[in-house]
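Straight from TrEMBL, the features:
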type	residues	note
TRANSMEM	B:12-38	transmembrane segment
DOMAIN	B:68-281	domain 'ABC transmembrane type-1'
TRANSMEM	B:72-94	transmembrane segment
TRANSMEM	B:106-129	transmembrane segment
TRANSMEM	B:156-180	transmembrane segment
TRANSMEM	B:201-225	transmembrane segment
TRANSMEM	B:231-250	transmembrane segment
TRANSMEM	B:262-282	transmembrane segment
Amino acid sequence: MKTLRVTVLLLAAVFFAAPLVASAAFGFSLPGQGFTFEPLQRATGNPAFWQQVGRSVLLAVLTAVIGSVLLMGTLLWLHLRARTLLPLAEGLSVLPFVVPPVALVMGVNLVFRAIYPGFLTSLLSLVPFYVVLTMPLVYRALDSGIRAIDLRTLVDAGTSLGAGRLRLFWEILLPNLRPALLAGGLICVAMVLGEFVLASLLLHNTYPVFLAQVGQDNPRAAAALAFLTLAGTWLLLAGFARTLRSERTRS
Amino acid sequence: MTSTPARRRPGPLPLVAVLGALPYFAFLTVFLILPIIVNLVASVRDSSGAWTLEPLLRLREDQYVSAFSNTAMLSLTTTVIGGTLGLALAWAILTTERPRWLRDGILSFSSVASQFAGIPLAFAFVALLGTQGMLTTAVAELTGWNLSESFRLSSFAGLTIVYLYFQVPLMAVLILPALTGLKREWVESAQSLGAGRARHLLDIALPILAPSVGGALLLLFANAFSAYATAYALAGGGANLVAILVGFFVSGNVMVDNSFGAALSTGMIAVVTLAMLARWLLTRRSTRWLS
């Protein structure tokens, strides 16, 4: 049994590592030249690269901020003032799971081309749809964070000690909910930085769209960028899982 | 109707309480629900605005039936293989104590790998198995056999392998909580009643796990059915998949027929919704035993 277990894990490790190792080896080398940054430099030397990376970062930050504010505000309100609406809110939050992104674009195109065609040409029009796409995961992260603290008691205690609403939020609730907010924000960032369907079909040149174009004519540069993107995503999410764990054990 | 509103009794919510939740519901209505509804309505109306079932009936044409069945086959194949391997992986993660670094590494990787679907993953596989890929050239050098003549990443088998890269870890992550929830005492009570290992697995562990496994498989199916970016990067327009077709209708020269594009996307939503609905029905039952 023991050898079987370890074999399963080793096979999984080989399968998971193979594309990563191959993309690094393929992307950071040239035939007959060995290790080189040349393919990568040719891609990053393109001014469009930094521009499109910048766009993706902007979208990621805006999505994380707007999504967190909207959901945190709504969830606190529902938990404190309108608990009967919680099941409805939660049910709606998983709705994006049943709508494939490509089907959402179809509907979005039909709606906004008809009522306000200029809206979709703006890069920032992607933000609300990214908030929608990340909602199922962010909602869960924030909701479980709120359920883990004794919200009612914290609010009552704070109020009875004379804290105003703003102070209550900034000095009592926010520090307690920081791990949940971090979790939601990082999921947002990871998803938006990799999002291709909406960006490409609504004709916005973000980083994944750049990567897809590079892959058409420069597979080595695409492999190098793919490796960095996958490794970066892993580090981002794994590093975050670690901070979340240590926050939990401390409190 | 002059009674004062009861304070702590559940009843109609005060208007203010509802108003506070309004931004959230309004946001979802405009950016999610409205597009879905307009999409559904557009698929049952022709260009002049009259109600018709014609766009939906056109889905029965051979070309589109084959796209749907091809997508369903790809989803089913990656679900069955990915589900089986994922279950084995979850079991190995849960029961292996040493080497610790291997277990922890795989677990940490599995929990993020479901985010890996998309463009970068496609190019990583091109670097491995494409015509100039590392494994392809290594095999050619060692054996003289050119892999790329019989295997293409854009083919059904190629897409299956790439999809497994996110389906296997997704299955493992989804099923780990249920596996962890199998209580140690159940093994002991089964043993004290004279059941062997196999008996315990068949009569206790499997029936308890079945809804969770079924639910996870349905999620894997929906996940593969909705996927677009990976297939697009590997096969371009060549892949005969519903998501790729819908993408054509949104961006391409075929935009003239709005209602048929909408019908295709309605079909897609219907399949995914059915899978997720079945998952909800299944998992509702299992939470009782595993909590």
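Note that Cβ sites are derived from N, Cα and C of the backbone, with glycine treated the same way.
Since we're looking at a predicted model, the values are computed, not measured.
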Segment-segment contact (the transmembrane segment (B:231-250); the transmembrane segment (B:106-129)) at 3 or more Cβ pairs under 8 Å: yes
For the transmembrane segment (B:201-225), sequence-distant contacts whose Cβ falls under 8 Å of one of its Cβ atoms, 6 or more beyond its ends: 71-72, 74-76, 78-80, 82-83, 86-87, 117, 163, 166-167, 170-171, 174-175, 178-179, 182, 186, 190, 195, 242-243, 268, 271-272, 275-276, 278-279, 282-283, 285-286, 289-290
Leading stretch by Cβ pairs under 8 Å, where the reference is the transmembrane segment (B:156-180) and the options are B:12-38, B:72-94, B:106-129: B:72-94
